[in-house]
Amino acid sequence: MTFRNCVAVDLGASSGRVMLARYERECRSLTLREIHRFNNGLHSQNGYVTWNVDSLESAIRLGLNKVCEEGIRIDSIGIDTWGVDFVLLDQHGQRVGLPVAYRDSRTNGLMAQAQQQLGKRDIYQRSGIQFLPFNTIYQLRALTEQQPELIPHIAHALLIPDYFSYRLTGKMNWEYTNATTTQLVNINSDDWDESLLAWSGANKAWFGRPTHPGNVIGHWICPQGNEIPVVAVASHDTASAVIASPLNGSRAAYLSSGTWSLMGFESQTPFTNDTALAANITNEGGAEGRYRVLKNIMGLWLLQRVLQERQINDLPALIAATQALPACRFIINPNDDRFINPDEMCSEIQAACRETAQPIPENDAELARCIFDSLALLYADVLHELAQLRGEDFSQLHIVGGGCQNTLLNQLCADACGIRVIAGPVEASTLGNIGIQLMTLDELNNVDDFRQVVSTTANLTTFTPNPDSEIAHYVAQIHSTRQTKELCA
């Protein structure tokens, strides 16, 4: 039997994990084992919302050392994280300034300024990336305007996963899938766009040319002295999650469900027409030259904040209580900027309902019901937008990531979208990370080959849409009202 041992470091906005994958070549089986799990979260430092990258690095090294202490010879390591955020370094590799998080308010108003000065359509034609107020282009503009004293000291800007790879190997890399989330990469050249960089205030010398997934960045020397390759995987966690989505055919869509919900489809070509611009569709880079045509949805961030504020520890009990409530009494737009990082999420949700003359969700279950129903309805709207964009309906939706364990939300999604939902795998980002490592090690041929492995080894659950559910009737009523308005226009 031939085995490969690959380690995935998968960092999310609320937690991180070091996972060991064991791949058996002869039977093409893949097993995962959690080695180390640790918390991540936002911190307040010198007036900014930041990440504690030192704590994260310590946790990563602890997890890697645990694997080595078991006597396991690691064949490769890969790191994936969230997008858009970065760490600045001087010429000696020391940090400059703070690792500010995307939920910080320093970028307020800058996206509108960019659209006015450069032209919204021109930015979109160059980058193909959706307009989000915290994209790296606006973060860099905020930095250069608000902290000009830092500029002379900056020699390099590394996105978060590239920073941790650098800390392990001493080698710098700018991985393509994550680089595209910055809104600074030209969609035609796959290199940094000089016009967009100039507006951001950043120096092009801070960046190296983006590299596609599948190359070895450098080596980490383990405590036992072995040199272990660190692979540039699809380092944006959604890109890794999509790689592990067992998409079957061109009519399959995906929903990577976690702190954020990312809904989209794979395409060999980007969509940058006026329809895509109007819908704020993004064309993020994927593996093998594919595009992740998708839309960001605020996701379970709202629930995470409610759980924190209400000190709720028993999530299954909350979901059971939520399921007993009638649907669609409290509806908000989860993508409203007011929910990016409010002082109090519960109060913000209640205020949104009050301002739209709805009943006010008061208790824990009502707040959760509001979030789940609102997300499911937004999923239905986005899926419809995506189908219209490409001119073909979808036949199934694959929900992957930690959020796919929420069976109530999965069923609400199936009912609201009127589509078969396949939930799993849960550890999609980790698996996609491992998939690129196995391809780099010449164990697998390509992404489609890896998806066959995932389909046979992952635990998948199917949710069939119920047209008689409350939320399905609500969606039908909305569509009927919309059609009436269009006919009368």
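Glycine is treated like the rest: Cβ placed from N, Cα and C.
Here Swiss-Prot has Gly83, His236, Asp237, Thr238 binding substrate, and the candidate from Asn173, Asn296, Asn313 in that same listed site is Asn296. Just one of Thr259, Thr356, Thr456 is listed by Swiss-Prot for the same ATP site as Ala13, Ser14, Ser15, Gly16, Arg17, Gln304, Gly402, and that one is Thr259. Between Cys68 and the candidates Cys6, Cys27, Cys222, Swiss-Prot records the disulphide bond with Cys222. A 10 Å cutoff on Cβ-Cβ distances gives Thr259 (ATP binding site) a total of 20 other Cβ atoms nearby, all chains included.
According to DSSP, Thr238 (substrate binding site) is assigned to a helical segment. Mapped onto three states, the DSSP output places Ala13 (ATP binding site) in coil.
For Asp237 (substrate binding site), the same-chain residues that are 6 or more apart in sequence and have a Cβ closer than 8 Å to its Cβ are Asp10, Leu11, Gly12, Asp80, Thr81, Trp82, Gly83, Ser256, Ser429. All chains included, 26 other C-beta atoms sit within 10 angstroms of the C-beta of Cys417 (disulfide bond). Annotation: Cys413 carries the greatest number of neighbouring Cβ atoms among the recorded positions Ala13, Cys68, Cys222, Cys370, Cys413 [cut-off 10 Å, Cβ to Cβ]. The recorded positions shown are Gly16, Cys222, Cys417; of these, the one with its CA atom nearest the CA of Asn296 (substrate binding site) is Cys417. Following the DSSP three-state reduction, the secondary structure of Cys222 (disulfide bond) is coil.
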